[in-house]
Structures are given as C-alpha cells and as structure tokens.
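Only one structure is covered here, and it is reproduced in the block below.
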Amino acid sequence: MFMREIELRGHIIDSLILPKVFDKILDMGGDYKVLEFEIGKRKTDPSYAKILVIGRDERHVDEILNELRDLGAEIPEIEEVELQPAEKDMVLPEGFYSTTNHKTFIRFKGKWIEVENQKMDGAIVVYPDEMRAEVKTIRNIKKGDLVVVGHKGVRVIPPEKPREGGGLFEFMKSDASSEKPKETIIRRIAKEMYEIREKYRKTGKGGIVVVGGPAIIHTGAGWALAKLIRMGYVQALFAGNALATHDIESVLYGTSLGVDLKTGKSVPGGHSHHLRAINTIMRAGSIKDAVEQGILKEGVMYECIKNNIPYVLAGSIRDDGPLPDVITDVVKAQEKMRELLKGKDMVLMLSTMLHSIATGNLLPSWVKTICVDINPAVVTKLMDRGTSQALGIVTDVGVFLPMLVEELEKLEKEKEKSEKREE
C-alpha cells in the first residue's frame, strides 16, 4: 500500500471537480480518504480539499496522480515524522504520539512506512536502518529507542464501510440490540467462520480466537464450545481461571457452581465442587497432565489439549486456587495474548466483559470482532474503550453457541453434498 496527498482549490463543487476526482481514483483501482474539507460560504468563495490517495504501490499511485493533475490537483510537500530518543527504559519522550488501533503509516525519509504490531495506547518506534516502524507498549521501551513525537508525518486509516455492502459486518453496523434477528446473524457469523477456517486449513494463516467467560459452562453450552474446538474453528482460547475451573468441575461432577447442569438444581455439597476440581488438577500437576492421566476425558480444556490449541488463562485477584495453568503475572499474560492474536482474522468474545475489553485493547481495528453477551452494556463498554469495530449480539451465550454449532454443521454437510455431486 502506498499513499500521497493531493490538494484541490477553487470552485471544486460547482464545477464537479471533486466528484470527478473521486470517480477517477476509484476507476483506476485506488482508494481515498478526505483529510480536510472547507466549503466556501458565498458563491465567490473558493473551496478547499485535502485528499489522501491510496494505491497498491508507488507506481500505481503515480499513475493516478498523473490523471488527477489534469483535473487540477496539486501535490503538496509532505512533512516528515519527528523522532526523539527515549531517555531511559520505560520512559517516553514528552509529546510522544499515542497510537490508535487503526492502520497507521509514517512518513520517513521520503517514504510511507506501515507501522507493525498495531494496537491502541502504544508508542511508535522507528528503526532507520531497517526502514520499519512498530508499536511498542511503554513497558517495552528501551533507552535510545527512536520514538515518534507529535502528529507530523503520521497518517491513520480507519476501517471504512465497503461501498458494496451485503456482508455480515455491514448488516450489523449499528448499536447492540436484543431485537436483531438472531438466526440470521448467527447464520452469517457461521459463514464467516467457515471461510476463515478453510483459509486457515489451506494456508496456515488467519484463524479465530475465542475469548470465553464461565457463563459458557454455567448455561450448559460447554459442550458446544468443545465441539467448535474439535471441528477446527478455534485457533486460540483466552479465558480466566473460572472458565477452566467450571469446565473441569462440569466434567468431574456434572455441575457448575454446584448446580446440576442437567436438572438445574443445586446438589448437596456442590458449593465445594469447583475447589475439589482445582485440587484434582493440582494433584495431577496441570490440565495437560490430567488429560494424559485419563482424569479429564472431555470438555473445553480437554479439547484444547487434544487438538494442540494454545490457551491463555489470565489470573484475577478474586481467583480460587488458581489452577496451575493460570498465568498470575498480568504482564506475561498480556504478552502471550498479544502474540497469539497476531495475524488472526476474527475474535469471538463470549460473555466476559473483563477479558473482552483486555483483548480488545490488543487488537487492530481491522480484525473482525464479535461480542456476545446478555447484557447490552458490555458491548457499549467495549466500544467506549476503543474497540469500535466490535459487533454486538445481545443474547444468552447458552443459546448462541449451540445455534452456531448447528449452522456450522449445516455448512459442512452442504459442502460434502457439493463435493459428492462434483464426483
């Protein structure tokens, strides 16, 4: 991707210059972003527009600019990014540029460089010899790192709604609501997930991360998440001590929080089942050891072990135990989450506000993000904290997951029938 700015001055609206410029850019396979637009108030007042022209590479952009010059476009000089060295470890220069989660480019030595490892609330560090830049968190800053300060030479490209709509993420571009048609939405999510899984199987790239809360187990939908993992629709699992603990409790005792998952009734002594489950895993050594010893024979964590799916169980101050697999150092947990999120195509957040917001803070805005919760305020909080690309589905996760599995099974059966007809 390559970009250049153009400027238009004069009666660019009355003379239809502005729409002609937009049409020409799109007709030549480029894209654009309006950076500034000032409309003249009176008939004699000129208008002004600054537009970012985006193309596949430098040659493509030059071809577009050559055509736009004929329409009156001016090519201004672009300011270079400003850099200052970090004075010591974990200390940023005054006035450092604080990143968003949107795709970002910097102008350095006459070239636009795409910033790597994009996330919100970080700083941009530039490596002149390698002609590259990346986002680093404040705790990873080292003395001497060249940090971007101010806004000069920085371009942010927010995700935009495609001009040709129709997909899931256009259909759902509105506030979270319990009144949206659940079956239609779940069907579209299943189609997206199926396509992502097929791409992952063919290329090893992309994939889906599930962020799960204990409500998955409490509502009796643990089997559905386990099946998603077994079917290949989960490439990483993020959760806390609670989901894993209650998943193991449900396997060993048939309860979650002491409530029988078949009858919905509390069982005698059930209040201690989660502690006994933790104790069993402690005795075994780890969740993996419990699977290998035949103690755990099914469930979400069992499927993660059997299918080599990496998971991050991030600790909390309120945890019982916790399980030996839980990462109690939040910095280490966050680093592992960030590593597993790299290159993923979708994140499915299921009934966990804490872990959903934590994951959202690590995500670039172009990753498809779906948040399922019975409380609409959870989606609102997620978006308020910067994850504006999140699409909210207000429903019980215990209903959502089984329906999702059902839709995915239908898609797989349709594929099998199609392949047999071709034979």
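Using N, Cα and C of the backbone, Cβ positions are placed for all residues, glycine too.
Binding of NAD(+) is attributed by Swiss-Prot to Asn241, Ala242, Thr352, Met353, Leu354, His355, Asp373, Asp396, Val397, and within the candidate set Asp260, Asp320, Asp329, Asp384 the record adds Asp320 to that site. Cβ environment of Asp396 (NAD(+) binding site): Thr219, Ile374 lie under 8 Å away, each six or more residues apart in the same chain. Cβ neighbours of Asp320 (NAD(+) binding site) (same chain, under 8 Å, six or more residues apart in sequence): Asn241, Thr245, His274, Leu275, Ile278.
Of all Cα pairs drawn from Asn241, Ala242, Asp320, Thr352, Met353, Leu354, His355, Asp373, Asp396, Val397, which the record names as binding NAD(+), the longest spans 26 Å.
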